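Contents: one structure, followed by commentary.
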Protein chains: 2
Amino acid sequence: MESNPSTMQEQSPSCQEITMEVHSVVPPPHKSTIQKLKTRLKETLFPDDPFRQFKGQPTKKKWVLAAQYIFPILHWGPNYNLKLFKSDIVSGVTIASLAIPQGISYAKLANSSFVPPLVYAVLGSSRDIAVGPVSIASLILGSMLTQQVSPTGDPVLFLQLAFTATFFAGFFQVSLGFLRLGFIIDFLSKTTLIGFMAGAAIIVSLQQLKSLLGITHFTKKMGFIPVMTSVFHNSQEWSWQTILMGFSFLVVLLVARHVSMRRPKLFWVSAAAPLVCVILSTFLVFAFKAQHHGIGVIGKLQEGLNPPSWNMLQFHGGHLGLSMKTGLVTGIISLTEGIAVGRTFASLMNYKVDGNKEMMAIGLMNMVGSSTSCYVTTGAFSRSAVNHNAGAKTAASNIVMSITVMVTLLFLMPLFQYTPNVVLGAIIVSAVVGLIDIPAAYHVWKMDKFDFIVMLCAFFGVIFISVQHGLAIAVAVSIFKILMQITRPKTVLLGKIPGTDIYRDLHHYKESVKIPGFLILSIEAPINFVNSTYLNERVLRWIEEYEAEDPKMQSNSSLRFVILEMSTVSTIDTSGVSFFKELKQTMEKKGVELVLVNLVGEVMEKLQRSNEAGDFMKPDCLFLTVGEAVATLSATIKGQSSNDV
Amino acid sequence: MESNPSTMQEQSPSCQEITMEVHSVVPPPHKSTIQKLKTRLKETLFPDDPFRQFKGQPTKKKWVLAAQYIFPILHWGPNYNLKLFKSDIVSGVTIASLAIPQGISYAKLANSSFVPPLVYAVLGSSRDIAVGPVSIASLILGSMLTQQVSPTGDPVLFLQLAFTATFFAGFFQVSLGFLRLGFIIDFLSKTTLIGFMAGAAIIVSLQQLKSLLGITHFTKKMGFIPVMTSVFHNSQEWSWQTILMGFSFLVVLLVARHVSMRRPKLFWVSAAAPLVCVILSTFLVFAFKAQHHGIGVIGKLQEGLNPPSWNMLQFHGGHLGLSMKTGLVTGIISLTEGIAVGRTFASLMNYKVDGNKEMMAIGLMNMVGSSTSCYVTTGAFSRSAVNHNAGAKTAASNIVMSITVMVTLLFLMPLFQYTPNVVLGAIIVSAVVGLIDIPAAYHVWKMDKFDFIVMLCAFFGVIFISVQHGLAIAVAVSIFKILMQITRPKTVLLGKIPGTDIYRDLHHYKESVKIPGFLILSIEAPINFVNSTYLNERVLRWIEEYEAEDPKMQSNSSLRFVILEMSTVSTIDTSGVSFFKELKQTMEKKGVELVLVNLVGEVMEKLQRSNEAGDFMKPDCLFLTVGEAVATLSATIKGQSSNDV
């Protein structure tokens, strides 16, 4: 498989500004199918090579490392000291002050989640994540269930389904992590998420119109149109006292948020604002007996710790499909947020989180949570940001938060009975409004118009169709975009940059020139069944265009060689192999020779294997660079034409 | 955007065997979004540029060309002569002798399709295609409808649905062609088709066990298991006379097929065999009154031409969904066969067929066919091969065939009433057995193990689940394969081939060497949301591996530059842009510089657009080739270390 020595000899006297040697093209080293499969599986499932640290360690050390791998707390725990604890206690209390009102708001449950953070502190590998229920997932869970079961009409069944859905969410998360299929969440691109989050924020905010306007009869549906219909249909129920109170507190919360965003050092302003609002509004209601003047309050809440709830999980009956579907959707959405939060802070602070292991931590935390009366929890973005800014050093801040929440649950719950619903609504709106990221959307518009369309699909899909369908449409459209890129790969005409041996896009590098008699193309995608037909047509069109350009057909400028620069063709399948065979046949009928440059190992191997007859892929049609191919082959042309004379 | 002149000056004295100039990296010429969209749409929808011939022609000529484009008969018709007609009449009569028995077998209808070939002769651009009902599509159509409507119990409704399904098949085909979405059939890869066709051939052959064994009570289902159960459950119905007759004729047909395959000149042996068998068996039945001895015959068939059937098309009612689904499946399957046949012979004879225009021709032919009592027709592979071998020169052979069939319908139908069903079964089996292509399957196994799995999915899916699901599974698996390639693109470590300026895969070209202080990687896929996370992890792992390899960390071999060879990255999206920003940040923290080589126009443009702050993509980090980057940057290192001393 070496390049033909006879052509090499012909070349030397006549040619080129740059004298050069022609390098032999060698086949890649042999690898068995099993070896290839092993490499492939490793790259697919273990791209971060998590077991590298185990290599070459003594057995005892391996056990320690394994325990530390499974329980990261064993890694940082032994070195834990008072200084770290001081940082963690400040941040823990800070996020607790955020967690209590948010927990009450999202879950409309007194038994706010204090177990999941403890599980995460043991299993999680991020130092900055603060665990808790997140707005979008909690409210999707609520609304998906509400469409079939009424939380007021049948509260026990509703709770059973909510915990079962949480269990399934956790189960899906653990499975994805354990099977190392975490890359599946990568199919939710950032662009999709920008659109989705903005849409979901609007949907969630619309739901808050119930408490913000003081409406008592409200639709169970989530879409923009039914909610707005319901709001204006029941406009006689609007209560001006509620509206006044709600919008005042909303302004306070938004201003606090704005202040903290401008000056990260003042993180405590937005962190403390919700709790301050809750306390202030509760005091106002209590002082003015506002609950008798049209302002709805939470009322008596169940006191004490979360009761166990494993007896409420239901794995049979007619609602199983509903809880599985709800679990899948909320599981994937909360996972996406949790992993994104973990990765963001890890890259900010230059440490590493293992995505698949994080999934297992988050999943286990939800499975445990579902047995202790908790809804879906995950690493929440806003809360983790506060945690980070408040100086959290380890996952111990989650433990501090958890204990603070627990104490609140045990002793301070009665104080919240006069808290007005409208303030909780305002807290939710102020929390989700940050999810509408207009600068990011503008950035996407500027960068990639098609991505922007994907974003709009997610946004309008969520608002006008449904959360699940909006997400599904956006994912389908973005996968379709990738498939289109493969279905119609670019073929680029290359030209020589004068005075060099470099061949580049003729259209991009204006100074580059065509070489008479040669058509040099670069194919910019793997060749497979979706594009082999197209490529065949496209290459033939390039040839026809070449011939049309030069109608005189002088003998020395007529097309002699088509050089395909194959560096970019990382892999081919059986259709790709047929593509080359057909192309070669067609070209032979036209008297044109097909030359392949820089075949990648796998491609070369497959073409060789299909070449048992030996008529295809002759070694003198293979070169390592375009420059060498052109130099060698133009020497051949000259040799031939001088023989003709 | 020129490469930094100061580094260029430093370089000259110290470096490299090959003295070289550093070439400036220029941004690509500006193109507006509209222009890009236009190019993109053209490449997607008009890759073969069908309107090129119109360019620069006078208006009158344009009209003529347009008429010829729509009706190819206007192109070849004016030059038609006696010599061509002689060839066409021979081939036309030959395929008619094949069409009559096949038509009766497939459609179990006397009114064999003679209208569609006339339509194709006017609209079609292939010279070799012979139009007719094809086994797979006809039998899928029959069986999909049979599962809901009995052809014997409610024959009128069955016929209505069959014609409506044919109409929809044609309608889908025309729409795909008109919208130039013909590439959708490319998603059915050849590999998938090999498995699908083999599976379908077995399913179809299994259905023939009814007539081959003489069973009267037969299942309506198509799967392997229900059919075999039914066959053995009704084993008392087996008739030895039928079996004897059936298998004798089957052997004759298979031998005839084998002879013609070995010697293409004897094409008429297999072409004439079915008609000979039909005549012979009919004579035998008639002579021995075999219909009274357990051999089923066709019986009285409706005489005369196809009656119009547009009044039987049903576009409302409960069965609309069924006919649409059946139409979609049979439409796509018959289209795939028709286009494949057209392309195969076009490339064999070096002329061109426009896939999208063929779709419209095939679709219109089916829409007209559905109004003239025809089932789905297309370009049939075996029949077209006979047509080609018999010397067909133009689509006129279809007209000849059509007229021959018409004459038969009008005058000879009563002769067929004693034709035994078992011979028709044998004809079908011998026709479909050729669809089981074991050498092709072996070739796939040798070339690509994953493709082989896709093939098996199609094969077993069709046999054990259903035709539609088998097809859907195989398409889904093959798309999944492509997505996996993008989700986990290869990153290849490059090394310098000594004595040259060429950088190639270190693992493939064993003589190539690493350059101390440099990590040179080639990323072999477009960078987008499905792989940006993976690539980030993978590149960091390369860096860690580089550092682990050299634990001494000598100052001149410690990692200074990561060079990404970007020729292969044909496009990026917003996630890809973030990937570079994050990577650059991470590397800066490690004190490593990121260098990009040979950015493709689109990628460069997007990175530039995201670079308004100017901190990213400095011109001295961009090079045209790896060689130039290494030369320039090693000069910088040397310059710095001599300054340090």
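Glycine residues also receive a Cβ, built from the backbone N, Cα and C atoms like all the rest.
Any TrEMBL annotation is an automated prediction that lacks curation.
Listed features, source TrEMBL:
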- B:129-145: transmembrane segment (TRANSMEM)
- B:157-181: transmembrane segment (TRANSMEM)
- B:193-218: transmembrane segment (TRANSMEM)
- B:238-259: transmembrane segment (TRANSMEM)
- B:266-288: transmembrane segment (TRANSMEM)
- B:359-382: transmembrane segment (TRANSMEM)
- B:394-416: transmembrane segment (TRANSMEM)
- B:422-445: transmembrane segment (TRANSMEM)
- B:452-480: transmembrane segment (TRANSMEM)
- B:508-633: domain 'STAS' (DOMAIN)
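Here the transmembrane segment (B:452-480) sits apart from the transmembrane segment (B:157-181); fewer than 3 CB pairs are under 8 Å, leaving out pairs fewer than 6 apart in sequence. Within its own chain, the transmembrane segment (B:238-259) has Cβ neighbours under 8 Å at 211-215, 266, 269-270, 272-274, 277, 281, 284, 290, 293-296, 420, 422-423, 425-427, 429-430, 433-434, counting only residues six or more beyond its boundaries. Between the transmembrane segment (B:359-382) and the listed ranges B:129-145, B:193-218, B:422-445, the one holding the most Cβ pairs under 8 Å is B:129-145. Counted with DSSP, the domain 'STAS' (B:508-633) comes out as 55 helix, 21 strand, 50 coil. Across the domain 'STAS' (B:508-633), the prediction's mean pLDDT works out to 83. Under the criterion of 3 or more C-beta pairs below 8 Å, with sequence separation of 6 or more, the transmembrane segment (B:193-218) and the transmembrane segment (B:157-181) do not qualify as touching, having fewer than 3 such pairs. Listed as Cβ neighbours of the transmembrane segment (B:129-145) (distance under 8 Å, sequence separation of 6 or more from its ends, same chain) are residues 95, 99, 102-103, 106-107, 112-113, 116-117, 120, 151, 158, 161-162, 165-166, 197, 200-201, 203-204, 207, 220, 222, 322-323, 325-326, 329-330, 333-334, 337-338, 341-342, 345, 365, 374-381, 383-384, 386-387, 392, 395, 397-398, 401, 428, 431-432, 435, 467-468.
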